[in-house]
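Have a look at the structure below, then the notes.
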Amino acid sequence: MTAGGHVVRYLSVADYVVFSVLLAVSAAIGLYYACTGGRQRTQREFLMADRSMSVLPVTMSLLASFSSAITVLGTTAEIYTNGTMYWNNLVSSVLSMIVCSRLFLPIFFDLGMTSTYEYLEKRFSKSVRRLCSFAFMINMVIYMGLGLYAPALALSVVTGMSLWGSILSMGIVCTFYTTIGGMKAVMWTDTFQVVVMVTGFLAVIIQGSIEAGGLGRVWEIASQGHRLEIFNFDPDPRVRHTNWNIWVGGVFVSASIYGVNQAQVQRYLSCPSLEKARTALYLNIVGIAVITSCACLSGLVIYARYHGCDPLLAGAITSRDQILPYFVMDILSFLPGMPGLFVACVASGALSTLSSGLNSLSAVTLEDFVKPWLPKLSDIKYTTISKALVLLHGVLMVLVASFASLLGPLAQAAISVFGMISGPILGIFILGMMFPCANSTGGLVGLLSSLVLTLWIGIGSIVWPRRRWLPPVSTDQCPVNLTAANATAADLYRVTVETTANVTQTTVLNSTLSSFGGNLTSANSGLNYPPEAALYQLSYAWLATVAVLSCVIIGLAVSFLTDPQDPREVNPRLIVPIYDQLFCCLPEKVRKVLRCGVRYGDQDMDDAKARTSAELEDESITTKEQSNRKSDGKAQQEEATSL
């Protein structure tokens, strides 16, 4: 049977059994934690897992939140289309997580807040807090809806799996176990789903390598096809991927996820100690290296198979994101249950991200909007409201996924907008934590300015895309008589000398917007670009850097123009002692100057305590003098009365 212009290989009964087992196990974990322990009756247990989680589930949950369906489908398509420069993100991820563990994590852990954005109220104002919370909520709901729709669409087109069936099954199961099982269920299902993801990737890599003639042959074909590029130090900021924008810009992107994102911070705070939270974050580096490398190797293996007959050019698929499921149905469909394992792999990527999003949305909505409005409810009632909020956001997520098919190109724009929001939010946290002179006015203006700037550049790059060169792909090894009506994956791969003799190579000069945002290319050379379009040519990898710098620079400028904050009056628990960590070898007198008057550090705290003691002694003396005066006054009155 044909669909979408090519033969669709439907999943077998065994495949559906494997996929159903994934959903059943996830739901069972939720039921288990709903019926054991404290039965999710308190906010502390439901949202923060009683702050008692061990390192393993926290590590796996941090990894699962990073490894979405975009990682499974998008990264493989990225490597297949553009080559291995994206692999350099591992370097920036390692650097950013080390920075986050030393700068952001200690402050959040010390304050022990449920909502990350509560910090912004303590440091700046309620307006800054609620603006960030609202932006996070809107973008998270849209992102989760599209994150549910995108993999379901890719699977349905290539495997024949029901689009609405996959959306509803994944959406309902995810909402179910997150609602009844709380944070503990989310973390342990994440652990299970990461194992499924890695297993699915290994199946693709192993069988694909066998089909290609070994990993050595895969590497050789990738090199011949210009897919192996690790170093590119071109200083041009318009180049899509260079070592500069991936290593530098990637640090800011990764820090916006692992440093200040509600979903990730909530997982850190579920650990019983700061050291265990740091250990989980460091172990997560290993997990990211494994997942990213598996996705990148899968992309190279796929290229090794289709380097001479690109499925997109041949009309077998309609989007690059469908290349991995198409490949799986090509090489694994002869093994009952293996395509189902891959479907479970993609579903695991989606479920892990969606459950983390639902749990974090519930926490932010409760702490930042419900509690200020209803401040005197009991803990049990707040927990009930938290569960209702998970259910509400789950329904909204499914609704967004249902309407996503009507959005057309706007759907991709919405995903890109989500990435544009994280940079300004990271910027406001950096402004607050590292610049004690920044005031609330500067924080609000800096945040708004950064949001406007990044949205302007990001949306402009979508509306006015620029053309760029892509590594070549071809159809020169496709059968001459290949038609959209009878082409199968096997047909695309079977090559004979006779059929390829008269076919010329076709290269792809343009592609569609990738899942990583801001990379749309166009074949239309007749577009009339406005003068400001030069700004839109900036690589998407620099967008987070621009967001952070604009927020900090504008925020500081406005603060100095509107009565800067006195650092001596700032709570030292809200400021990162960055100079003590970066310049710990300098003399204490020098570091004290660098602290700008903030009263952290042993010497400063001793000085503060000494000043406080002196002030208390003065108050005590003053009180005694006042009481003595009152006593003298009363004595004089009594004497006058007796006379």
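Cβ atoms here come from the backbone N, Cα and C positions, even for glycine.
Per TrEMBL, the features are as follows:
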- 626-637: compositional bias 'Basic and acidic residues' (COMPBIAS)
- 606-643: region 'Disordered' (REGION)
- 16-34: transmembrane segment (TRANSMEM)
- 55-74: transmembrane segment (TRANSMEM)
- 94-113: transmembrane segment (TRANSMEM)
- 134-155: transmembrane segment (TRANSMEM)
- 161-180: transmembrane segment (TRANSMEM)
- 192-210: transmembrane segment (TRANSMEM)
- 244-260: transmembrane segment (TRANSMEM)
- 281-303: transmembrane segment (TRANSMEM)
- 323-351: transmembrane segment (TRANSMEM)
- 413-432: transmembrane segment (TRANSMEM)
- 444-464: transmembrane segment (TRANSMEM)
- 540-561: transmembrane segment (TRANSMEM)
For this session: Answer yes if the transmembrane segment (94-113) and the transmembrane segment (244-260) have at least three CB pairs under 8 Å among residue pairs 6 or more apart in sequence, and no otherwise.
Result: yes
For this session: Spell out yes or no: are there three or more C-beta pairs under 8 angstroms between the transmembrane segment (134-155) and the transmembrane segment (192-210), with each pair 6 or more apart in sequence?
Result: no
Problem set entry | the transmembrane segment (323-351) vs the transmembrane segment (540-561): 3 or more CB pairs under 8 Å | no
Problem set entry | Annotated stretches the transmembrane segment (16-34) and the transmembrane segment (192-210) touching (3 or more Cβ pairs under 8 Å) | yes
Problem set entry | Intrachain neighbours beyond the transmembrane segment (55-74), with Cβ under 8 angstroms and 6 or more residues off its ends | 147, 150-151, 154, 186-188, 190-191, 193-194, 197, 200-201, 257-258, 263-264, 267-268, 270-271, 276-277, 279-281, 283-284, 287-288, 291-292, 295, 321, 324-325, 345-350, 352-353, 356, 514-516
For this session: Report, as numbers and ranges, every residue of the chain located at least six residues beyond the transmembrane segment (192-210) whose Cβ falls under 8 Å of a Cβ in that stretch; write 'none' if there are none.
Result: 22, 25-26, 29, 60, 63-64, 67, 72, 218, 287, 290-291, 294-295, 297-298, 301-302, 304-305, 324, 327-328, 331-332, 338, 341-342, 344-346, 348-349, 351-352
